[in-house]
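In TrEMBL this protein carries:
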- A:K158: active site, nucleophile (ACT_SITE)
- A:E229: active site, proton acceptor (ACT_SITE)
- A:H233: active site, proton donor and proton acceptor (ACT_SITE)
- A:G10, A:T11, A:G12, A:G13, A:I14, A:G225, A:T226: NAD(+) binding site (BINDING)
- A:K158: allysine (MOD_RES)
- A:62-106: region 'Disordered' (REGION)
Protein chains: 2
Amino acid sequence: MDDIRFAVLGTGGIGRRALEVSQAKQGLTPVAACDRHGIAVDHDGLDVDELLAATEGNVASAADRREAADGRAATGESREPQTDGGTATVKQHGEQAGVVASAQARPTETPIADTIAESDAIDAVLIALPNLEHDFIPEVAAEFAAADYKGVLVDVLKRSRVIGLLDERPDAFEESGITFVCGAGATPGFLTGAAALAAQSFVEVEAVDIHWGVGLQSGYEDNRGTVREDIAHLPGYDNESARDLSDDEIEAIVDDHNGVIEFEDMEHADDVLLERAGICDAADVTVGGVLDVRNDEKPTTTTVTVTGKTFDGERATNTFELGDETSMAANVNGPALGYLKAGVRRNRAGEYGVFGPADLMPGF
Amino acid sequence: MDDIRFAVLGTGGIGRRALEVSQAKQGLTPVAACDRHGIAVDHDGLDVDELLAATEGNVASAADRREAADGRAATGESREPQTDGGTATVKQHGEQAGVVASAQARPTETPIADTIAESDAIDAVLIALPNLEHDFIPEVAAEFAAADYKGVLVDVLKRSRVIGLLDERPDAFEESGITFVCGAGATPGFLTGAAALAAQSFVEVEAVDIHWGVGLQSGYEDNRGTVREDIAHLPGYDNESARDLSDDEIEAIVDDHNGVIEFEDMEHADDVLLERAGICDAADVTVGGVLDVRNDEKPTTTTVTVTGKTFDGERATNTFELGDETSMAANVNGPALGYLKAGVRRNRAGEYGVFGPADLMPGF
């Protein structure tokens, strides 16, 4: 495939790892990266090593996160590494935390508008922002559409209901020329695609079960936003209440679970993404998992099982398992960039609108 | 997806099962089916039940197969059900064996030309013909290109070297407007796609191992052509020598193996299809399997393992397993139609040329 110039919105755990993984991929040139305070642009290709070294462990604070969630900042990044007391212990370069620590970056109050201003030379944008407000990522996408961006947007959002918000905007995406690939991380994303492929043996899919294991000891500091979003899936919590938890409260929840938190029947968009691809009913999809923030070893093997009936009347289960040594970061960012490439191909062929991972697989 | 009108070239085991599976799928209307002696066309949709009932166990003879292999017939179908002695024991309707047994069919000497004549109203053609001559399917494709067919061609070919023959013709396909999806059965096809997806955890793929199990007792009569093609993969045989084996000789080989034939290091196009998609070197792909023609139970579980390195330096193995209850027919024809749908989408967007299964997955 021809070279793809891409930008990353958000330079937290996912954004930075996406930049890193792209270095090992063919045909991907990162040309812009921003967080709420700054933006780095180089159309000849960012110096990713410099950017990572400057920003590692150096992202926006909890106060910034709440500001973003309140809608007072254009772009937010909640994967903030902090001590329990909320005081940033990370190294600080430049005048502010975040991407401006990189010598390639400059401060800005309007990072998304600044990215859009460069977008004639950007083929794809990975939206690696937290989505603690359900309409945050759809609103970001709407800004790109309003600016007549022609290209690909990819997000790694998780919640089923967000897909509906995106699906309300196909006209804006099509008029602008946007191919929006939604839910393109690990789950939904990688595992949704695996379910879609595993379904190919069947003429009727009866049940899809996605069960993930994540060991996040060494990645915990860099992925607190993800942990917070996961806690929002626990009984008694939702995005709003999880957003308002102090870091101490998060730690207390983690302690209550001895560092190992189990999730059942999560609201993960795999369900609606498989339904809209015609593979099964959303109700037939279950997602659960086990998160261990005190070990890197996975507490359970990440497994997708798809049970269905074949045309010749048999019932069977196809299975997809990820090796336990694969980290969450590997399973989010590889597929995110893989779907980004698939999205660019679609975009260049003139296919616009909203695509889920299963739409980028063989048809069912 | 909008409705797809498709034709099947060849009404042997694969062609007939593809028609059957399509009945359980959304958006697929079979409008033509042919073998070397006849063609059935109905642009409002074939009556598949009638066609299957009329032709089940009623396909062309060994003499026809050899005729086709010698190039004297335009389209061949080698999955002939016969007794050991070579005498057809199948029911015979109409004046000839094959598709003309259907009330919807008429005899023809030029089935491919007749299909091409209808192709303005055909979106996709599944080429379910044996390929005992390596250039047979490429030549069929060339006929469609020469006639300026605009649409999708899908084949379920197996041999690595055939991909090269197809790749020599991209200009003809692009000028005509053909999206050729090659190797879109079970393996290569379904399992190639699974390997491409499983690779997404990794930045470097070190090994892909595809190991299949097929139990074919009840499908044996209908799939002798497939068994013959498999025997061509055994040490000491090739396509030419396998083609020339009498049915008695085939039975003797099966007897020598007590009905269970193991294959190692097969020349299966998974290798070149993964390499051309940039996922790994062809040399890192191994394909083997076990065929049991005396049991329907699989002699081994069909498994794809992909071993690679993650961006963060781990080595791991991702695994895809098919449920033992899924038949070869389910795992060939579901994916073939799934890739056909993906091909039609590409074709309608104006993407022409040769695509392997891995090209229709997220990019690597």
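Glycine is treated like the rest: Cβ placed from N, Cα and C.
The structure, with features from TrEMBL marked on it.
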| residue | record | CB count, 10 Å |
| --- | --- | --- |
| A:G10 | NAD(+) binding site | 30 |
| A:T11 | NAD(+) binding site | 32 |
| A:G12 | NAD(+) binding site | 28 |
| A:G13 | NAD(+) binding site | 28 |
| A:I14 | NAD(+) binding site | 28 |
| A:K158 | active site, nucleophile | 24 |
| A:G225 | NAD(+) binding site | 24 |
| A:T226 | NAD(+) binding site | 25 |
| A:E229 | active site, proton acceptor | 21 |
| A:H233 | active site, proton donor and proton acceptor | 23 |
Inset, instruction - Based on Cα distances to A:G13 (NAD(+) binding site), point out the closest of the active-site residues A:K158, A:E229, A:H233. - result: A:E229
Inset, instruction - Based on Cα distances to the residue listed as 'active site, proton acceptor', point out the closest of the recorded positions A:G10, A:T11, A:G12, A:I14, A:K158. - result: A:K158
Legend entry - Cα-Cα distance linking A:H233 (active site, proton donor and proton acceptor) and A:G12 (NAD(+) binding site), given in Å to the nearest integer: 21
Inset, instruction - Based on Cα distances to A:H233 (active site, proton donor and proton acceptor), point out the closest of the recorded positions A:G10, A:T11, A:I14, A:K158, A:G225. - result: A:K158
Legend entry - Spatially closest candidate among A:G10, A:T11, A:I14, A:G225, A:T226, the listed binding-site residues, to A:K158 (active site, nucleophile) (Cα to Cα): A:T226
